[in-house]
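Peer 1: Copied straight from Swiss-Prot:
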type     : residues                                                                               : note
ACT_SITE : LYS22                                                                                  : active site
BINDING  : PRO111, SER112, GLN113, ALA114, GLY115, MET116, GLY117, GLY118, GLY119, SER120, SER121 : ATP binding site
ACT_SITE : ASP153                                                                                 : active site
Amino acid sequence: MTRPIVSSRPLKALYDIPAPAKLNLFLHITGRRPDGYHLLQSVFMLIDWCDTLHFELRTDGQISRTDLNSPAQNNFEALPAEDLAVRAARALQAASGTPLGVHISLEKNIPSQAGMGGGSSDAASCLLALQRLWGVRLPSQDLRAIALSLGADVPFFLSGSHAWVEGIGEQITPITLPAARFVVLKPAAGVSTPDIFNAPDLKRDTKTATMLGFAAYADGPVFGFGHNDLQPVAQKLCPQISQSLDWLESQQLQGRMTGSGSAVFAQIFDDADLAAAPGNWIIRKCKNLQTHPLACW
């Protein structure tokens with residue numbers, strides 16, 4: 001790793017930093033590497049459903065986090081090791097050599113176990129914001145390496161735009177997409193991503209697609225290209241995914257699952273009212289973003 005650049009004086013705080021969700025317009029599994037990682041092709045699309053992060057400088061070098069949605073929001077102890085925002089902060093702290101720390105406050109709006117990349121987006125926004133807060137800047141290739149070490153989806157959220165994604169998620173090509181609106185439905189139940197990828201009946205040999213083939217849909221149903229190879233397995237593991245897709249069909253909408261679920265989505269073309277979502281399921285109308293809110297950071 002190359003030497004980090006001290007770019008400016010540290011800031012006292014940064015507030016209202018967005019971390020947008022993504023939808024996978026399609027997700028094809030094209031193979032599997034000898035180390036077990038799956039090879040994929042997908043288009044990742046940014047949407048205006050965001051978590052919000054706040055950062056306050058700590059001069060004692062400690063990294064702490066609280067969830068503003070939690071009843072125990074004043075308890076800064078027992079930070080979960082799997083928390084991606086904390087892991088991102090610690091990784092950047094180690095890579096940059098800064099003696100500074102941070103307290104992170106998170107307003108969690110993107111549902112977990114949804115396939116919308118909420119935790120990965122939090123981590124990416126954390127990396128970008130903390131470079132400013134701490135007054136350091138890593139070379140872009142080093143920042144991307146940290147992002148990939150945190151999770152396959154994190155590098156996408158550093159890229160700044162919608163993207164054609166290949167490999168294990170590290171091969172990212174920016175693309176443009178037409179402005180559009182979507183309805184996203186998240187059922188109460190989640191699904192385990194490892195369980196999906198370990199399923200013996202997961203299709204792992206979808207024919208490789210091309211960006212040219214995807215672009216050919218530009219004047220047609222671009223958001224209907226391809227399919228999600230994870231969806232049939234996820235539907236078996238989580239029946240509420242099938243129920244969610246049935247609900248979309250009842251609204252005359254053609255839906256599919258995003259990522260490894262359990263959220264599903266469909267393009268909408270007007271502001272017509274939709275029926276209430278079943279039970280305590282989350283339903284939200286969204287627009288796609290043309291660029292990431294932190295694209296110039």
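Note that Cβ sites are derived from N, Cα and C of the backbone, with glycine treated the same way.
If you look at the structure here, what lies around each of the features I listed?
Peer 2: Cβ neighbour count for LYS22 (active site): 29 (other Cβ atoms within 10 Å of its Cβ, all protein chains included).
GLN113 (ATP binding site) is surrounded by 20 other CB atoms, counting those within 10 A of its CB over all protein chains shown.
Secondary structure from DSSP puts ASP153 (active site) in coil. When Cβ atoms from all protein chains are considered, those within 10 Å of ASP153 (active site) total 26, not counting its own.
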Peer 1: Distance between GLY117 (ATP binding site) and LYS22 (active site) at the Cα atoms, whole Å?
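Peer 2: The Cα atom of GLY117 (ATP binding site) is 6 Å away from the Cα atom of LYS22 (active site).
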Peer 1: Fill in the CA-CA distance, SER121 (ATP binding site) to ASP153 (active site), as an integer in Å.
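Peer 2: Checking the Cα atoms of SER121 (ATP binding site) and ASP153 (active site) gives a distance of 8 Å.
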Peer 1: Which ones are near ASP153 (active site): of the binding-site residues PRO111, GLN113, GLY119, which have a Cα within 10 Å?
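Peer 2: So the list reads GLY119.
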Peer 1: Using a 10 Å cut-off on Cβ-Cβ distances across all protein chains shown, tell me which of the binding-site residues (PRO111, GLY119) has the largest neighbour count.
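Peer 2: Selected residue: GLY119.
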